[in-house]
Amino acid sequence: MVMAEGAAVLRRNRPGTKAKDFYNWQDESFEEMDSTLAVQQYIQQNIRSDCANIDKILEPPEGQDEGVWKYEHLRYGALGECHPDTCTQMTATEQWIFLCAAHKTPKECPAIDYTRHTLDGAACLLNSNKYFPSRVSIKESSVAKLGSVCRRIYRIFSHAYFHHRQIFDKYENETFLCHRFTRFVMKYNLMSKDNLIVPILEEEVQNTSSAGESEA
């Protein structure tokens, strides 16, 4: 909803707002976002503005605490579409089988259950007042837990890519979520490159090279 010039802008979708009118307000600079949720709002704003502009989405505002920046990016979820009868294990190709850490002793789970357990566990951790009592500053010991969350969430992408490719491609073309997540973990060294098995950035490089050869 957009207010008259000089009045405060209410950045909220009122009940009954039509889909075409969602987020119909001007963007704010990060400095104007006077809220403890400013980092979250800034990330959301950049994604809504252009979800394909991953460089801008991952670039933190000047002076922003890196731990908070990584934490807020991880609050965005992942995707998973499968059935326990057809995906009895959490796999990515025939070489990777992942055990679910949600149990007392890690064990195999159907992929859809692994996805639920992983996202539920990530949500519980990232919303924990014990580890993340503040959205303004975060202890290094808590930041260190983000790598484990990233690895588990990434397995959902890899399963979707190798076993539900059509659904993956449709969703990815609309959101660039796997692109953004992959670039995010690489930018902040949250995962080993050996574990980044979805060749999504390789395809990006190949497409760029092909375009360059065509122009030449």
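Yeah, the Cβs are placed from backbone N, Cα and C, and that goes for glycine too.
As recorded in TrEMBL, the features of this protein are as follows:
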- CYS82, CYS87, HIS159, HIS164: Zn(2+) binding site (BINDING)
### Task
Would you mind checking how many other C-beta atoms are within 10 angstroms of the C-beta on CYS87 (Zn(2+) binding site)?
21
### Query
So which of the binding-site residues is most packed in, judged by how many other Cβ atoms lie within 10 Å of its Cβ, out of HIS159, HIS164?
HIS159
